[in-house]
Amino acid sequence: MSAKKREEDVPPLFDTKAAKGRAAHRLLCLTIVVGIVLIWVYRLGHIPGAERPGRYAWVGVFVSEVLFGLYWVITQAGRWLVVYRYPFRNRLSSTRYKDKLPGVDVFVCTADPTLEPPMLVINTVLSVMSYNYPPEKLGVYLSDDGCSELTFYALLEASNFSKYWIPFCKKYDVEPRAPEVYFAQSSPPHESDFGQEWSRIKTMYEDMKRRIESAGAKGCVPQEIKNQHKGFLEWNSRITKQDHQSIVQILIDGWNPQATDIDRNRLPTLVYLSREKRPGWTHNFKAGSMNSLIRVSSEISNAPIILNLDCDMYSNDPGAIQDALCFFLDEKQGQQISYVQYPQRYRNVTKNDIYANVSCATFQIELAGLDGFGGALYIGTGCFHRRESLLGKVYSKDHRLELNSVEDNVKGRTVEELEAASKPLADCRYEDGTLWGKEMGLVYGYPVEDIVTGLTIQCRGWKPVYYNPSKNAFLGVGSTTLDIALIQFKRWSEGMFQIFFSKYCPFIYGHGKIRFGAQMGYCIYLLWALVSLPTLCYAVVPALCLLHDVPLFPKVSSWWFIPFAYVFTAKTAYSLVEDLTCGDTLRGWWNMQRMWLFRRTTSYFFAFIDTISKHLGLSETSFALTAKVVDDEVRKRYEKEIIEFGSSSIVHLMIGTLALLNLFSCGYGVKNVVLSGPEALAVFAPQVIVSGLIVMVNYPVYEAFFIRRDKGSMPSSVMFKSVAIASVACLVPIY
């Protein structure tokens, strides 16, 4: 039997299916496009004369509608080929694959022990150490960009606790395997053996947690503990977060026969890394951390598959590795796959997702649409990579996954020798004059380096995969305050807008290398900042024109009103049905509309301003970490789905001013329509509707201004400033 015939007889490890209802979706899109074009035709044919008020307002609204229309076309084009992936995990247990499973290195990144508490970090580490995967083929690396002695101590404690936790998880098949989450969700079982074991492990965990948090409260690790491990010798009084040498400590040597759990089973390799930082040397944030991890791990384990996770994103499925390997090991399609991206999900999302953390349609449809064009995004966490593709290798058809022997890489070398050989790879000077950050590893120079990295990998001929399993593979911590939510989107949208204006613009860098649909799909996100301008225009101009009795839309009785009504109704209905189909609630969908308004008028707008300023040489991009913990009062309000304002930031001032401006406008418009009769209703009803919808979306803002008295309400200073600015805006003449 020929080799080709044998390959054809091998059952596939995954299946790909196109989404249902694509014909109906395309027909709906076509009718909406026709409506959009008719709106443009109306605007061009009815521009007010120079002598009439509102000419410039009319042009501004027209430009906004053009941008809205083009952006909507881009978003729908990215959904033209929605596909879903289905791995066959059970087939990996066959003899063909069982003994050939590749090594897997897991990278966990943390940067600040205050914003990202050590207990949060080690829960993620313990969850991936407990994977249902051969431990001798599993390596776990923690990159600590904060160079925190406390984080190292927490990892040392976790390495000891893992000897009890891992066998407990596998013996009783417990899930999830992050102990903090598991014990919070489960109750002591009644069965005698399991119940006793459950209580014993929980007590051990609580004792470990108390020791770590006690050291954190004191601000130092007790000396008697430091004397127990050589790793603490790396820290001295001269070390700071921004000025320290490379630190590599192998806490568990997975190839040492003595490195076993209490049941004498092998433990996975566990490594602590804090790359060198020195004043005057750019450290490139998370991208620099990832590149150091790639190099250091290549010296210690060099597994061909890499999983990278944020420190707050624990593994929720102990079999997730097997699902990812189904894509890499498939005989026919697997050799070209560069990475398998899982969606970013959160364990603390409320029923109606008050801050729209989940974005159901985005994760279930939008990203699956990009996958259909071969352009699945790399989003920086929850992603399995082929090491070779990260190292800059160009795909070739005769390529085969190199299932290197991890054991050969460390055979005959002591832990001390491996640590000594690894440290220089994490030094500042190592990358100087090399291709790291350019053609090797993650790309430098952008706050969202993961997006650029994914694009460059695809342009080398590799194909990514987006996999959205029914059971969440990873769960993180979503935003619990409005400030945190908007800061994150400001950072992301600014970084992506910078990419659009760089050499990595998909229409330039990806031309001829990736499909046009994938280029369009990338721009759904790269143009977030730009879409802030038409949104702001629509939130301000119709309201001001209504206050000055300047009409902006056709009369309700006119045939030209039909395209406006149809486009709005069809897009809204489609959005609602899509979201509900993806499992969201009606209120959750409404919360999403509010958050889109907040993001576009604040986060995206400031990202647009900062990007333009940077290109003019007026400012530099900065990276802002967001806290992973909040106090009890904030958490209780979040659980009750009460929006957290609380601060006097310019973001809240912007939100409050726009809300009050439209409240004034809507009130005036309703009064005008009621007092002036049917003619005024026919002329100004569309503007009243626009302002009225903005008022409805902003109800929590008015509540925070005038009703609430808790610490999460709008500060009085913000209310007074918003009232003053909105009042002055009402007096601005319309041209």
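Backbone N, Cα and C define each Cβ position, glycine as well.
Feature annotations, reproduced from TrEMBL:
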TRANSMEM  27-44  transmembrane segment
TRANSMEM  56-74  transmembrane segment
BINDING   Glu116, Asp145  UDP-alpha-D-glucose binding site
ACT_SITE  Asp145  active site
BINDING   Lys286, Asp310  Mn(2+) binding site
ACT_SITE  Asp450  active site
TRANSMEM  522-544  transmembrane segment
TRANSMEM  556-577  transmembrane segment
TRANSMEM  645-664  transmembrane segment
TRANSMEM  684-706  transmembrane segment
Nearest recorded site to Asp310 (Mn(2+) binding site) by CA-CA distance, among recorded positions Glu116, Asp145, Asp450: Glu116
Neighbouring C-beta atoms (10 Å sphere around the C-beta of Glu116 (UDP-alpha-D-glucose binding site)): 27
Between Glu116 (UDP-alpha-D-glucose binding site) and Asp450 (active site), the C-alpha gap once rounded to whole angstrom: 21
Those residues of the chain, 6+ apart, with a Cβ under 8 Å from that of Lys286 (Mn(2+) binding site): Cys109, Ala111, Asp145, Gly380, Leu442, Glu449
Selected stretch (most C-beta pairs under 8 A with the transmembrane segment (56-74)) from 27-44, 522-544, 556-577, 645-664, 684-706: 522-544
List of residues, in chain order, with Cβ under 8 A from that of Asp450 (active site) and at least 6 apart: Ala287, Tyr378, Ile379, Gly380, Leu442
Distant-in-sequence neighbours of the transmembrane segment (645-664), which means Cβ under 8 A and at least six residues beyond its ends: 481-483, 486, 539-540, 543-544, 547, 598, 601-603, 605-606, 691, 694-695, 698, 701-702, 704-705, 711-715, 717-719, 721-723, 725-727, 729-730
Same-chain residue ranges lying at least 6 outside the transmembrane segment (684-706) that approach it to Cβ under 8 Å: 538-539, 542-543, 545-546, 549, 551-554, 556, 561, 564, 590, 593-594, 597, 642-643, 645, 655-656, 658-660, 662-663, 665-666, 669-670, 672-673, 712-714, 719, 722
For Asp145 (UDP-alpha-D-glucose binding site), the number of other Cβ atoms found within 10 Å of its own Cβ: 24
Number of Cβ atoms other than its own within 10 Å, given for Asp310 (Mn(2+) binding site): 22
